[in-house]
Amino acid sequence: MKEDLCRGLEASGRGRAYPATITNESPAVLTLEPMVQRSQPASLARCLVSEPAVSMQRVPTQQDDGAGGDAEGRGDSVGRNEAAGGEKAEKESMMMELTRLVQNLVKESSWWERRGVDCCILAAAFLCLPLAFLLLGSSRLLWLLAGVLLMGVAHAVITVKGTHLASHGALSESQAWGKFWAIFFIEICGSFSAQAGVQGHIKMHHAHTNIIGLGDSSVWKVPSLSRTLYLFVAPLAVPIITPLVALAQVKGRSLALLVRTVLNITLGLYSQYWLLTNISGFRSTHSALFCMLVCRAMFSVPFIHVNIFQHIGLPMFSSTRRPKRIHQMTHGVLNLPRNLLLDWTFGHSLINCHVEHHLFPFLSDNMCLKVKPVVSKYLTEKQLPYQEDRYLSRLHLFFQRYQELMVFAPPITELVGVQ
């Protein structure tokens, strides 16, 4: 069995041979490490295809203690194989069982719980904008700062929570309205391409969560930046980088898509600029643009942190030997604790219900919060991971191990016994 594992892992490692170390504590655990850890280039515009180290981790399962040479030994082996087969069938049905529990809870919920709460939060953000523009026209510093804060919070709710829900079609049961809201929130409000956003987030990140070269979150890595610059300074440039990346994503696509994306992004940016100059009374172009940058970058730092904290540093898997979905999501996703500000601006599905969101991405933020006790209880009963960590704890981890987590290629984890 060990030789088969070596051959399989060498094949998944693109033919590279690695020195193998077999531990005495768990004979089925095989760790393969490369001779040299290699740093990989990455950018915000494309995903990293890495050449990782490979490590296999044991999950709780029955171990085969060896085959005996007599009839009794063979009988024991058959019994163990039958037990392992029954356990495998049980684990394969766990996702279906959990899905039924969640679906029953969703059916019992009202429209207000399924969509109404989140729609009202988004509506409140839009209703705050007129007051924010009026406050920004005040000559008093205190009112001016209040206007900047109010517009920054409203912008974060609309462009993070709104675009995320719209990309998943969680704002409406109608496909036509779902497409409209995706274009409105992602392109006009978020200054990005709706098609590229859905492709990258839904079809790559969610479909291939923590799969090396596909949904491994390496799109957020910029190895050329130092840890201080990346974690605390570079995120402030996100409002400038976002439309540029959007244009790069639609380059080479159909002319209609290119024109629509450019017009919608221009409409969103110019609308805010026009309101600042005509309603708030900004007389200088530079002052209006600076105000736009401050408001749009207000939550950029925690936005980058959240995107890397909840996946990078957790188990990554090979595309050829990915585990079952429930194991993939429970091992590769992490929840942050409740945070009043981030819960409202980013949404529960991005903060304290990220595990639930990856298991059931069609749910709204409020429904993710409602099913959270059911999901956490079920995973705990089945002895599956339910990973949670504090924001400051993750920040300290990434600051201390920045080179390992954000520069070098991640190791591949294989869950032995659950394939």
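We number each residue from 1, going along the chain as drawn.
From the backbone N, Cα and C atoms, a Cβ is placed for every residue, glycine too.
What TrEMBL records for this protein:
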- 71-91: compositional bias 'Basic and acidic residues' (COMPBIAS)
- 142-388: domain 'Fatty acid desaturase' (DOMAIN)
- 55-91: region 'Disordered' (REGION)
- 116-135: transmembrane segment (TRANSMEM)
- 141-160: transmembrane segment (TRANSMEM)
- 180-198: transmembrane segment (TRANSMEM)
- 229-248: transmembrane segment (TRANSMEM)
- 255-275: transmembrane segment (TRANSMEM)
- 287-309: transmembrane segment (TRANSMEM)
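Stretch with the largest number of CB pairs closer than 8 A to the transmembrane segment (287-309), among 141-160, 229-248, 255-275: 229-248. Sequence-distant contacts of the transmembrane segment (116-135) (same chain, six or more residues past either end, CB-CB distance under 8 Å): 110, 143-144, 146-147, 150-151, 153-154, 157-158, 161-162, 165, 170-171, 275-276, 279-280, 344, 347, 364-366. Per-residue pLDDT, averaged across the domain 'Fatty acid desaturase' (142-388), gives 95.
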